[in-house]
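**Q** The feature active site, nucleophile is assigned by Swiss-Prot to Cys381. What Swiss-Prot lists as active site is His516, Glu518, and the listing cites sequence analysis. The feature CTP binding site is assigned by Swiss-Prot to Ser13, Asp147, Ile148, Glu149, Lys187, Thr188, Lys189, Pro190, Thr191, Gln192, Lys223, with sequence analysis given as support. The ATP binding site annotation in Swiss-Prot covers Ser14, Leu15, Gly16, Lys17, Gly18, Ile19, Asp71 and is backed by sequence analysis. Under the heading domain 'Glutamine amidotransferase type-1', Swiss-Prot lists 292-543. For 1-266, the entry in Swiss-Prot reads region 'Amidoligase domain', with the evidence type sequence analysis.
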Amino acid sequence: MTRFVFITGGVVSSLGKGIASAALGALLQARGYSVRLRKLDPYLNVDPGTMSPYQHGEVFVTDDGAETDLDLGHYERFTGVHARKSDNATTGRIYSDVIARERRGDYLGATVQVIPHITDAIKDAVTRDLNQDLDFALIEIGGTVGDIESLPFLEAIRQLGNELGPSRTMFVHLTLVPYIPSAGELKTKPTQHSVKELQNVGIQPNMLLCRCDRLIPENERRKIANFCNVRQEAVVSALDVDTIYSVPIRYHEEGMDREVLRHFNLPIGGEPDLTRWREIADVVRAPDGVVKIAIVGKYITLLDSYKSLAEALVHGGIANRVKVEIDWVDSQIFEQADSVQRLEGVHGILVPGGFGERGAEGKIEAVRFAREHKVPFLGICFGMQMAVIEAARNLAGLPDASSTEFGPCEVPIVGLMTEWARGNDLERRSASGDLGGTMRLGSYPAALIEGSLARETYGGVPVVQERHRHRYEVNIHYREQLEAVGLRFSGLSPDGVLPEIVEYADHPWFVGVQYHPELKSKPFDPHPLFSGFVAAAVRQARLV
C-alpha cells in the first residue's frame, strides 16, 4: 500500500522543495522503506526541453529519454532511484493529453472542464506506474501557493487526500521564517499567511518545514503550531546548511522522519543508519586539499544551468577527499586576444554542453589551451565537439572545420543527425521543423576501445550505458584524419557509426564525451569520469 506525501511551498519560490523532498526520501530509505519521487510543474510548456537555461536552469534527462525538471536530479542523487518519464508532469503535458482525448472523442461529448477532467488527469499523473509494493511516493508541487497556475494541482491533491484518507496521505508545507535584523527576531507572519492560503483551497498541512537561518525558539514554534493548526512537533526548523548533503542529517535531528512515521502510524523503531551521509558531509567540510577547476560555459549567469555538473564535481572531490573550487568562466571572453591566460593556474578545464554558435570559438580556445598546456580536460557533449573541431583546425590542417549547427561549412566535422537507428525503428530528423522531440535522448550504449584511457577510467568494462541529449554528432568520416594526428576515438556506438569518446594518448588526462555523465553521478557512487578527472586535477596541483 503506497502512502503519498505531498510537498508544497509558500511565501517565496526557491526555498528548496526539491532538496527537502529528496532529503525526506533519503531518510525514509535509511529506515528501510522504498520511495519514489515525482514533480508536478505548473508551467504551460510540455517539458523544459525547449526552455532557455536562463529561465529554467538545466534539463535533467532520464534513462528513458524524458527531458525533466532539475529537481529530478536531486531525487536521483539523494535516493539512487532512477527517475522515469512518468515522474515529471507539467500543465502543458496535462492539457495536451486532455485535449488529445477530447479530439478522439474519449469524453463522449461531455463539456471538458478543469474539474473534473484536468484534475483527474493530474491525479492519474500522481498515481500511475507505481509499483504495488512501493512504500512512499513523495510528490513535489512546483511553484508557490497562491499562484494561479498552481490551483488545479492543489485541487487535485486535495481530492486525493479526501479519497485516500489521512492513513495514506500527508501534506508537508515548506515556508519561510525570516529574521529581521532591525527587530532582532524571527517573523512568523509570512508562514501564517501562507498556511491560510493553503487552507483556503481545502488543504490542511500536517507538517511545516520552516526555512530559517537560525533555530526557531520553542515559543515561536508553539505560536506557529497554534496559528497554523499543526502539532508543535511537526514544526520543523529547516536551517541553512553549508552543504546540501547535510540536509538529511539536519532534518533527522529535527525529527522530520519520526513525525512522518507517526502520522502514518508506522513503527518508529531505532535510529536510521545515516553513517554514509555523515561521512560525505565530513569530507566536504574537511577535505585534504583544494583543486581549482574552470568550467568554461555560456550560461554561467544562472548557475542552475549546470546544477548536475557542479554536483558531479563535488562527488569527484568526495572520491578524492578534496574540495573542488569551481572557477566559472564565460566562454565568450576567450574570443578576445590573449584572454586564455585567464586559465593559467587552474588544475582542470571542463567545457560543458550547450547549443548555438555564441561562445563556441571561446570554447575552442579553451580546449586548445588545455591541450597545449597539458591541463586535465573534460569535454561534455558540445564540449567534445569543440575538442574535435580544435584538433581538426590546429592539428589536422583543416582550418575551415566547423559544425553545421553554426551554418553551412566546407568541412563539417560536426553535423546534424539526419537519421539514426534505435532498436529496429529508424527515425529521421531534419534541420527544419519543431525543436521539441528532435534530439537523441536517453540512455544509449558506448563500446570502449581496449587499452584506452576511457576504458581504464571505467574500470575495464567493454560497454557502458550513458545518457544523451544532442542533435549533432561528430562526423565519423573524419576519424582516420584525426587519429593520424593523435586524437583517438576511444568510444563508439556498438555499430561503430557514432563517435562517443575521444582522447589524447600523449596528454596527462584529456577526454571528450558526447553524452552527459554528470546526470548519473551520485555522492555515494561518483561517476568514474568525474572521479578520474578530479584525480588528474589533484596530480596537476601536486597534491599527491
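Just so you know, glycine gets a Cβ as well, placed from its N, Cα and C.
Help me see these features in their spatial surroundings.
**A** Using a 10 Å radius centred on the Cβ of Cys381 (active site, nucleophile) and all shown protein chains, the other Cβ atoms total 22. In three-state terms derived from DSSP, Cys381 (active site, nucleophile) belongs to neither a helical nor a strand segment and is classed as coil.
There are 25 other CB atoms within 10 A of the CB of His516 (active site), with all protein chains counted.
Within 10 Å of the C-beta of Glu518 (active site) we count 28 further C-beta atoms, all protein chains included.
All chains included, 11 other C-beta atoms sit within 10 angstroms of the C-beta of Lys189 (CTP binding site).
Leu15 (ATP binding site) carries neither a helix nor a strand DSSP state and counts as coil.
Taken together, the residues in the domain 'Glutamine amidotransferase type-1' (292-543) have a mean pLDDT of 90 on the 0 to 100 scale.
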**Q** Measuring Cα to Cα, how far is Ser14 (ATP binding site) from Thr191 (CTP binding site) in Å?
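**A** About 15 Å separates the two Cα atoms.
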**Q** Please tell me which one of the recorded positions listed here (Ile148, Thr191, Lys223, Cys381) sits closest to Glu518 (active site), measuring Cα to Cα?
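**A** Nearest by Cα distance to Glu518 (active site): Cys381.
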**Q** Determine which residues of this chain, when Ser14, Leu15, Gly16, Lys17, Gly18, Ile19, Asp71 are set aside, have a Cβ within 8 Å of the centroid of the ATP site's Cβ atoms, and list them as they appear in the sequence.
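**A** Neighbours found: Gly9, Ala20, Ser21, His74, Glu140, Leu174.
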**Q** The record names Ser14, Leu15, Gly16, Lys17, Gly18, Ile19, Asp71 as the residues that bind ATP; what is their largest Cα to Cα distance in Å?
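**A** Answer in Å: the longest Cα-Cα distance is 12.
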**Q** So if I draw a 10 Å sphere around the Cβ of Asp71 (ATP binding site), how many other Cβ atoms end up inside it?
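**A** A count of 26.
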**Q** On a C-alpha basis, identify the one among Ile148, Lys189, Thr191, Cys381 that is nearest to Gly16 (ATP binding site); the candidates are the recorded positions.
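**A** Result: the closest of the recorded positions to Gly16 (ATP binding site) is Thr191.
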**Q** Please give the maximum pairwise Cα distance, in Å and rounded to a whole number, for the CTP-binding set Ser13, Asp147, Ile148, Glu149, Lys187, Thr188, Lys189, Pro190, Thr191, Gln192, Lys223.
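**A** Between the outermost Cα atoms of Ser13, Asp147, Ile148, Glu149, Lys187, Thr188, Lys189, Pro190, Thr191, Gln192, Lys223, the distance is 31 Å.
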